[in-house]
Amino acid sequence: MKGGIRYHPEVDPDEVNALAQLMTWKTAVADIPYGGAKGGIGCAPGELSISELERLTRVFTQKIHDLIGSHIDVPAPDMGTNSQTMAWILDEYSKFHGYSPAVVTGKPIVLGGSLGREAATGRGVVYATEALLAEFGKSVSGLTFVIQGFGNVGSWAAQLIHEKGGKVIALGDVSGAIKNPNGIDIPALIKHRAAGGVLKDFEGVDVMDSKELLLHECDVLIPCALGGVLNRENAADVMAKYIVEAANHPSDPEADEILSKKGVVILPDIYANAGGVIVSYFEWVQNIQGFMWDEDKVNMELQKYMTKAFDNIKAMCKTHNCSLRMGAFTLGVNRVARATLLRGWEA
């Protein structure tokens, strides 16, 4: 099994189960050899000191060390956790089982983490976007993009879109939203952010209302932040032609219906943000082989997996005459069902 561990005040069993099920379909769509898993601790990581977080993580690992393992269940970072959390889990697990780098992914590079893992989800989003646009005879270059969320995923997606000649004309995060019809200078913005600056103090942009961000006119809208941001209140006013779901579950079912009727093409989250779990798989493979890849190989393999998954989803859509979301779920559920039958598990 494969899935993230989140530290968040609102973690509850229903949410964890739902996310584990989504991971089942996501790994099936990406065609990597895992079932889905998820875990979490109900806590506010921002209010805990580093040593409190370490003790919390180590005691949690002591309680679950016989439930996880490199061929049982391989955790990864999620909301509120990072490569340091994974390092503590690895160390604590290794006290019981001997040094086992493949027990978690998203580790620091020096402890067997993979090159390219940091940028993987954002890079996967861009490869997914390229595959989608190629269907319509378009490419990233010259199109306009709006990005909601400028954390790990959003900032990498913005940077790579900028490198490929796309124009990011508006973006926002919790601190506010900014726009520039001629394109925001992403490398300069990333430097500004690294120096501790907030979006609205950046030179050469206009500040805009965060609520307007998702409704801004553009070719491609990429929500990279929270779930449920597109809903029946705002879906009818979305002006984008394509939506790439980099966040988990950014469009609720009502928004999905409204947008589909308007002819907006939506690339679903279980495919669009699978770059993270695909490169986690590569990290696990490297740990098991004891042989690390260079970054170019990681990125090349990621592109291969994202492109192949898109082709498989498209084939499903043609067969069943359905939306990309339905095609992706059909592909995922189908693969799990086939494997279940072959193993003789049918009820």
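Cβ atoms here come from the backbone N, Cα and C positions, even for glycine.
Bear in mind that TrEMBL entries carry predicted annotations, made automatically and left uncurated.
According to TrEMBL, the protein carries these features:
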type	residues	note
ACT_SITE	Lys38	active site, proton donor
BINDING	Lys2, Lys26, Ser280	substrate binding site
BINDING	Thr121, Asn152	NAD(+) binding site
SITE	Asp78	site 'Important for catalysis'
By the 10 Å Cβ-neighbour count, the most surrounded of the binding-site residues Asn152, Ser280 is Ser280
Ser280 (substrate binding site) to Asn152 (NAD(+) binding site), Cα to Cα, whole Å, comes out at 15
Using a 10 Å radius on the Cβ of Lys2 (substrate binding site), the other Cβ atoms enclosed count 24
Cα nearest Lys2 (substrate binding site) among recorded positions (Lys38, Asp78, Thr121) -> Lys38
One of the recorded positions Lys26, Asp78, Thr121, Asn152 has its Cα closest to the Cα of Lys38 (active site, proton donor), namely Asp78
One should report the C-alpha separation between Asn152 (NAD(+) binding site) and Asp78 (site 'Important for catalysis'), rounded to whole angstrom, as 11
Students should find that the Cα atoms of Asp78 (site 'Important for catalysis') and Thr121 (NAD(+) binding site) sit apart, in Å rounded to an integer, by 12
Quick tally, other C-beta within 10 angstroms, Lys26, Lys38, Asp78, Thr121; top of the recorded positions is Lys26
Whole-Å Cα distance, Lys26 (substrate binding site) to Thr121 (NAD(+) binding site), is 13
Of all C-alpha pairs drawn from the substrate-binding set Lys2, Lys26, Ser280, the farthest apart lie at a distance in Å of 13
Other than Lys2, Lys26, Ser280, the chain contributes near substrate (Cβ within 8 Å of their centroid) the residues Gly3, Met23, Thr27, Ala30, Ile32, Tyr34, Gly36, Ala76, Ala274, Gly276, Val277, Ile278, Tyr281
